[in-house]
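Pulled from TrEMBL, these are the features on record:
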type	residues	note
TRANSMEM	17-36	transmembrane segment
TRANSMEM	78-97	transmembrane segment
TRANSMEM	109-134	transmembrane segment
TRANSMEM	154-178	transmembrane segment
TRANSMEM	184-203	transmembrane segment
TRANSMEM	215-235	transmembrane segment
TRANSMEM	265-283	transmembrane segment
TRANSMEM	304-329	transmembrane segment
TRANSMEM	408-428	transmembrane segment
TRANSMEM	434-455	transmembrane segment
TRANSMEM	467-489	transmembrane segment
TRANSMEM	534-553	transmembrane segment
REGION	603-627	region 'Disordered'
COMPBIAS	609-627	compositional bias 'Basic and acidic residues'
Amino acid sequence: MREYQDFGQFHFHWADYVVFVLMIVLSTGTGVYYGYFKKEKTAKKLPHADVEDAAKRTTDFGSSKMNEYLLGSRKLKIFPVAMSLVGSYVSGVTILGTVSEIYNFGTQYWLIVVAIVLMAIVVSTVYLPVFAALRVGSSYEYLEMRFNSTIRSIASIMFVMDEIFFLPIILYVPAIAFSQVTGVNTHIVSGVICVVCVFYTLIGGIKAVVHTDAWQIIVMFVSVVIVVILGTVYADGFTDIFKTAAEGGRIIFGNINPSPYERQSLWAVLIGGFFYWTSFNSVNQTMVQRYMSLPSLRNAQWSVAIFTVGIVMFISVCCFAGLLVYNFYRNCDPLTAGLISNDDQLLPVYVMQTVGNLHGIPGLFIAGVFGAALSSLSVVLNSTALVVLEDIVKGCFRCKLSEKSSAILVKTCIVVLGGIAVSLVFVLEKLSGILSVATSVTAIAAGTTCGLFTLGMLVPWSNHKGALAGAIAGALMSGWISFGSQISFAKGDLVSQKLPISVVDCPANVTTVPDDPFYDESDVFPLYRLSFHWINPIGIASTILVGTIVSFLTGPTVLKKLDADLLSPIIHKFLPNECFPATESETELTRDNTAQTLTHLLGNSRAGPKMDHETVAGGKGPERNMK
């Protein structure tokens, strides 16, 4: 068909370049605004701290300036933070990868939205109240409070390694898309984008990151929605799209095959997806840092709710886009026809072939993809620099830094990480297997760290020896499965069983579909054959199980000596009274309170500063506030 041969005539028009450059200028301008102008206004008005609070915890990061730079003085607004949370997840990898997943394996993955909703409930009720009560700046501070500094160091080092592996992927995938439609060298594109991102992150701190993320995510969402709307019109409506997808075997929602080897079964998507999303959103520093930049627990919970709605909508749009792409290429697979070199290019080539003649639309789409990449990259740079300062330099090496030294260290880390990201793009391009390695490391870090936090918050008798043994077991188990499966795929022992494709309408030089015989995988080690969805749950379960058993064998923690703030509110009702010691400000807030105490509290609320009752420890314990 002619439409498959006309791709070469569609390239960026000057209007597309204008739209793309405008996004870069706005990103830089946001950093300059929050780095110079907005900063001068907020620096004069430092956040008020109660006397009680000052006695409990010193200023975050040792100075108000660093507190503002890394946490926004804990005074950011709900909506921009929620949009920034969406930006943490939605990168070019998400946009392009979700489309190819639906195109190649059907719509079963779409049910991940159910797992995301369940994740939001668990994060808001189980994990978030603990971080709020402790007022952590880095999530890994909790591990030292609950266990010891060794556990904190292990988790923080795993996080830094994980993010370093993830950085080049954030840059490389959208750079390929841009290079495909412009012809500009991939390394030039990734270098320019990284410099822009490092610049506004460097001078604007968390405020620039959050507020830039907010509008970048809006641009990204609008760009994808416009492409979907135009594509739907081009395909003659929803009915034709779903009919074609059903005929091609792409509409799959009820695959209840209990086999753990099934790539996208109902159980793998719901259970594996729930644990994966929870492990990232509950304890990962890139997320916790934004939660803690808000003034109260209630605000943080609202941000999670808005984030959930946003991410569910966006993933749904991307999944539908996958059906659109299949509808267009149902009779000529672009990978087989040689239009693209890998599945991640499906959506860009679709955009150029369907709306490439509408000047400005391809530019808006690519700007959206890069907006997603910039938002993810800026978050990783800022959060990783905080972890290096707070958890590794101060926590692991016990170095005491001045305000100036802390600022120099954080900004140096941001620059160095940017340089590493650009450098690893060269490696990623030359060594195709590094993408699998990076994915494997991410699975190891996410499962192990979530298991450690869950062990500490939900298993009161766990101790530091159990946590250490659990971390080792979780990392070894998830690493064994992850790397083993990647090696098996590389050797050809395992093959992804894609759904059938067609080439009947392809150009004359493409006449046959590659053979897709049944592969006998019975000789492959069973754990290596597992769906990738199960790697994360296995890592979490191994960490908790081994950690609990070793804690019992080595002498469980005495519950009466634990502070209830270190444990999730959902288990507070099972704790002894000694876990809720009264502080100086709470001497009258005992379980034997009388009406006189209530009158006293009401009187204070009218006469003095208004108390924040948004954070409740839960159970039989006293009310606790975040401020």
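All positions are counted from 1 along the displayed chain.
Glycine is no exception: its Cβ is also placed from the backbone N, Cα and C atoms.
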Counting a contact as 3 or more Cβ pairs under 8 Å, with residues at least 6 apart in sequence, do the transmembrane segment (154-178) and the transmembrane segment (184-203) touch? yes
With pairs fewer than 6 apart in sequence excluded, do the transmembrane segment (215-235) and the transmembrane segment (408-428) have three or more C-beta pairs that lie under 8 Å? no
Any contact between the transmembrane segment (215-235) and the transmembrane segment (78-97)? By contact I mean 3+ C-beta pairs closer than 8 Å, pairs at least 6 apart along the chain. yes
Among 78-97, 184-203, 265-283, the stretch with the most Cβ pairs under 8 Å to the transmembrane segment (534-553) is 265-283
